[in-house]
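Going by Swiss-Prot, these are the annotated features:
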ACT_SITE  Asn419  active site, proton acceptor
ACT_SITE  Cys421  active site, cysteine radical intermediate
ACT_SITE  Glu423  active site, proton acceptor
BINDING   Ser177, Ser192, Cys193, Gly221, Asn419, Leu420, Cys421, Ile422, Glu423, Pro613, Thr614, Ala615, Thr616, Ser617  substrate binding site
DISULFID  Cys193-Cys439  disulfide bond
SITE      Cys193  site 'Important for hydrogen atom transfer'
SITE      Asp200  site 'Allosteric effector binding'
SITE      Arg230  site 'Allosteric effector binding'
SITE      Cys439  site 'Important for hydrogen atom transfer'
SITE      Tyr747  site 'Important for electron transfer'
SITE      Tyr748  site 'Important for electron transfer'
SITE      Cys773  site 'Interacts with thioredoxin/glutaredoxin'
SITE      Cys776  site 'Interacts with thioredoxin/glutaredoxin'
Amino acid sequence: METFCIETLASDTYGKALNVDLDRLSQAQIKYTLQELISYCSALTILHYDYSTLAARLSVYQLHQSTASSFSKAVRLQAAQSCSRLSPQFVDVVYKYKAIFDSYIDYNRDYKLSLLGIETMKNSYLLKNKDGVIMERPQDAYMRVAIMIYGMGKVVNIKMILLTYDLLSQHIITHASPTMFNAGTKKPQLSSCFLLNVNDNLENLYDMVKTAGIISGGGGGIGLCLSGIRAKNSFISGSGLRSNGIQNYIMLQNASQCYANQGGLRPGAYAVYLELWHQDIFTFLEMPRLKGQMAEQRLNAPNLKYGLWVPDLFMEILEDQIHNRGDGRWYLFSPDQAPNLHKVFDLERSQHENAHREFKKLYYQYVAEKRYTGVTTAKEIIKAWFKTVIQVGNPYIGFKDAINRKSNLSHVGTITNSNLCIEVTIPCWEGDKAEQGVCNLAAVNLAAFIRENGYDYRGLIEASGNVTENLDNIIDNGYYPTEATRRSNMRHRPIGIGVFGLADVFASLKIKFGSPEAIAMDEAIHAALYYGAMRRSIELAKEKGSHPSFPGSAASKGLLQPDLWVRCGDLIPSWEERVAQTTQGVLTRKSWRQLRLAAIQGVRNGYLTALMPTATSSNSTGKNECFEPFTSNLYTRRTLSGEFIVLNKYLIDDLKEINLWTEAIQLQLLNAGGSIQHILDIPAEIRDRYKTSREMNQKILTKHAAARNPFVSQSMSLNYYFYEPELSQVLTVLVLGWKKGLTTGSYYCHFSPGAGTQKKIIRNSEKACNADCEACLL
């Protein structure tokens, strides 16, 4: 008699084993019984994280009962469907090498997924038939992605297919969501991020609505620059009429986003960007709001994300106004009367009259010529921005000049906007030989390199190199929705390697966020990430050639990403010694010197690193998001897959070591909403290490960002967390970040309670109480 025993799936230290006689149940009853057990175990997660592990394994078991037992069979069943998404070429490769793939794939690795991970895979990544029935297992999806990367070209590279499968299935790396759910299909749009620049003519305005919709339908997130659109009531010489400005156009894109969801798997996602000198800036800042005059009149567009492209000049004027050194006067323009302000930037931040400050020069030239259409103050703009941030958490802030002056591709053109999450910064333009920016993303699991004797920087370097090669192949194998996206990606070959699990690293090694050791390690980890990517990109250039826009790039002159920071005065030259010390000699001055010399000969990719939010990737692997601290030690995570209790297992393990994980502590943790700061029975040293993102001084997040940013080719999705919506606190970190040379000022500003947060009741089946829940914003 077959008996299903929970004790064989996970240790149950708090309850007795539950045995179910499967022979006496129908398939429907088995499914129902398993689902009951999964829900029951999930509700008990507050007692111990092993219950969540148990629920995850039950969920995997349930999936395995309804899916094919071999990879080739899963592909065959999908290919036989009348509306199969799989490409014939992919199916042919699988059939040809099915003996290798079937024998290599390890379905037991599915049981390593967290509950949040397996449910995310089921709902977002695993291919389904037309009736919504899941047709593959997580391991099948990983193999599908690996074959897409290394099996769809002229040569089927079995060795790299199996290596990539191992890296994915062992959760050492993750690829972006579009890659996961489009790999191997007839229309494999594998890229995550697209950047569009909207021109000020009717044809292009509507072209960009169409282009954005097509991209969104394939799973891509979109960033649009609106700074070139003439302001409201501007004269249109061709028709003799007046312009509607950006408001109606934003509403049009808002409607398009709602319609063109990402392949039916998640809502469409657009971000619109505007520079602060634009006459319509106050309209722009009000459009995201859920309350206010525009919202009441339904003239808002709350489904979009918003971003500000902020020049140094504005920050200088704002700082002077804050400290009563100036009146804060800020001039507003319409781009038809004051052209090209969004196409120039300040190469230097110096106040010297001979400094290379093209934006400042042109701005004041237009002021002198009285081309401005309005006058306000820097404070008024910031107050309007903050009023919106309190409601919805954005607009984001990107520091325009820092982004451009520290770009390896600054010779290509001015970067006018970013993407959905403000970590991708690729030049884009419309018109003759238009280029629409594209970036392919992946992330490395930093926790995978924790060792008993410290941290494995060599392993991280190697993994970063492997991801670099993966992403470079994706550029060649992917589908492009427009010729302008293909042209841009082939010319610059940008990739964006991010990270997740930094908080897991610090917790495992008992290092406190904000400590000198943590900041040094943050710097060293991202130095290793960048080094590994650059080294492999140089090797690929020797084999396949450099990206076409390599001549004139910073790398072609022997300048690495941190060198651009040194040149700007935002990084001291002794950084190499510091990294050498932290990595214990893995990366030395000689390492970087050799890398510079090699880069001059050629680099395959124009960009290498970009630190994205990694919400879904982190969910699927059970690690903390990107480079962030823990948002709470106990909360409910709301995703497209449902709601899941998340318990900080590192805290539990530390408390168990000193016999403090008791029912009394559990209740206090619940009542405190996941905080341990006022649980005085817990030693101060542990309380200090497990401060959540809201509980630590936000300057700590800025200092960490400043440590890692010199090794980021593009930018980062930098969040801040505040208890109260106080403008002075937010301005403190924004100004500090700007002075430290950060490329991103802010992604989301979270307030408690505020945008993206809620109170959620969690407890076992008998009792419940409140705890904070950090909802996924992507």
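Cβ coordinates come from backbone N, Cα and C, glycine included.
Neighbour counts of Cβ atoms within 10 Å were compared across the recorded positions Asp200, Glu423; the minimum falls on Asp200. For Tyr747 (site 'Important for electron transfer'), the same-chain residues lying six or more positions away in sequence with a CB closer than 8 A to its CB are Asn394, Tyr396, Cys421, Ile422, Pro613, Met716, Ser717, Leu718, Asn719. The recorded positions recorded for this entry are Ser177, Cys193, Arg230, Cys439, Thr616, and the Cα of Cys193 lies nearest to that of Asn419 (active site, proton acceptor). The most crowded of the binding-site residues listed here (Thr614, Thr616) is Thr614, judged by how many other CB atoms sit within 10 Å of its own CB. A Cα-Cα distance of 10 Å separates Cys193 (substrate binding site) from Glu423 (active site, proton acceptor). Cys439 (disulfide bond) falls within a strand segment according to DSSP.
Note on proximity: among Arg230, Glu423, Tyr748, the recorded positions of the record, the Cα nearest Ser177 (substrate binding site) is that of Glu423. Comparing Arg230 (site 'Allosteric effector binding') with Asp200 (site 'Allosteric effector binding'), their Cα atoms are 7 Å apart once rounded. Counting Cβ atoms from all protein chains shown, Asn419 (active site, proton acceptor) has 35 others lying within 10 Å of its own Cβ. On the backbone, the CA of Cys439 (disulfide bond) and the CA of Thr614 (substrate binding site) stand 15 Å apart. DSSP assigns Cys193 (substrate binding site) to a strand segment in the three-state reduction. The separation of Glu423 (active site, proton acceptor) from Thr616 (substrate binding site), Cα to Cα, is 16 Å.
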